[in-house]
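Below is one structure, written out as structure tokens; the observations come after it.
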Amino acid sequence: MEDDGYNYYGADNQSECDYADWKPSGALIPAIYMLVFLLGTTGNGLVLWTVFRTSREKRRSADIFIASLAVADLTFVVTLPLWATYTYREFDWPFGTFSCKLSSYLIFVNMYASVFCLTGLSFDRYLAIVRPVANARLRLRVSGAVATAVLWVLAALLAVPVMVFRSTDASENGTKIQCYMDYSMVATSNSEWAWEVGLGVSSTAVGFVVPFTIMLTCYFFIAQTIAGHFRKERIEGLRKRRRLLSIIVVLVVTFALCWMPYHLVKTLYMLGSLLHWPCDFDIFLMNVFPYCTCISYVNSCLNPFLYAFFDPRFRQACTSMLCCDQSGCKGTPHSSSAEKSASYSSGHSQGPGPNMGKGGEQMHEKSIPYSQETLVD
């Protein structure tokens, strides 16, 4: 699978299977990449616009995670035209070695930064709802800035192996230039699989399994707290309760649906070097992997639309800003943006992971009714 432009940690499991007929769609996949590029640049650009148009006094701690997530997605989607071209040319890379290294590196920086930001937002929402008073200091704006900086540094460091090992070389028949992971500088041909499996499995653990476990834990306690609140308070019955809890479920499930197929198929294929899958199963994994990758990439353009769909306040803020610009008004709809910041964070957990961020410095956020305002009309 060395000529596969999707598995950025390599995937040559040295199997004896015949992959001669393997060929992902040269039309569908590039089209999806370009669609994600167009929607992702527009949507994430709008997210950044709405966040930074809000006055500094009105911003909440979650806003820095939201903006950071949009930056990560935006940084990634701008590389998609390169990968669309690579796929359309049947894995012939015309852009040189440096662009191969850099674009691959940005993909992994995005993956790590996105899931770390989503985890940070989930933890921020946990603090806002479950432990609002005792942990109020952790949700100050400055703490969010420091945490975000640390997350970006960690993401950049974790992606370094891609920058180091990614390279270009002629294919076996010499007709194409491939952009692939080359471990020859540190391993023999017989031990390269160990590097591939080690880096691939570790990226799945750090970039999916551990963050997803943390997010599930946060949402479990959030759901418990909300359910307990509804038992104690007289609220409008089960309809609002159902809606509030269903939004939380959507945040976690969407993250899993976008990224689990990619990580699962990648890990299974790489483990084929150790477990020796039957050829039919091995070829099946290779065939579905490009499409699993497409699903995970869609996450980078999906988050803004999920905000708009699930959060009327964010939708209203965007509409107000657009209308305001068209009419030439000078004011910034602070109230809409501020409301967006709170509810927005809940919707963002779609992507590479659920990001729930509420954040905010106000001590009165301790009450669950605040969360209800945030997530429910």
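Note that Cβ sites are derived from N, Cα and C of the backbone, with glycine treated the same way.
According to the topological domains annotated in Swiss-Prot, Cys17 and Leu274 fall on the same side of the membrane. Disulfide annotation in Swiss-Prot: Cys100 is bonded to Cys179, selected among Cys17, Cys179.
When the candidates Cys117, Cys218, Cys258, Cys279 are compared with Swiss-Prot, only one is recorded as disulfide-bonded to Cys17, and it is Cys279. A Cβ distance under 8 Å defines the sequence-distant neighbours of the transmembrane segment (29-52), meaning residues of its chain 6+ beyond its ends; these are 59, 63, 66-67, 70-71, 73-74, 76-78, 80-81, 83-85, 87-88, 290-291, 294, 297-298, 300-301, 303-305, 307, 314, 317-318, 321, 337, 340-341. It is 98-123 that, among the stretches 63-84, 98-123, 145-162, forms the most Cβ pairs under 8 Å with the transmembrane segment (197-221). In the predicted model, the topological domain 'Cytoplasmic' (222-244) has a mean pLDDT of 60.
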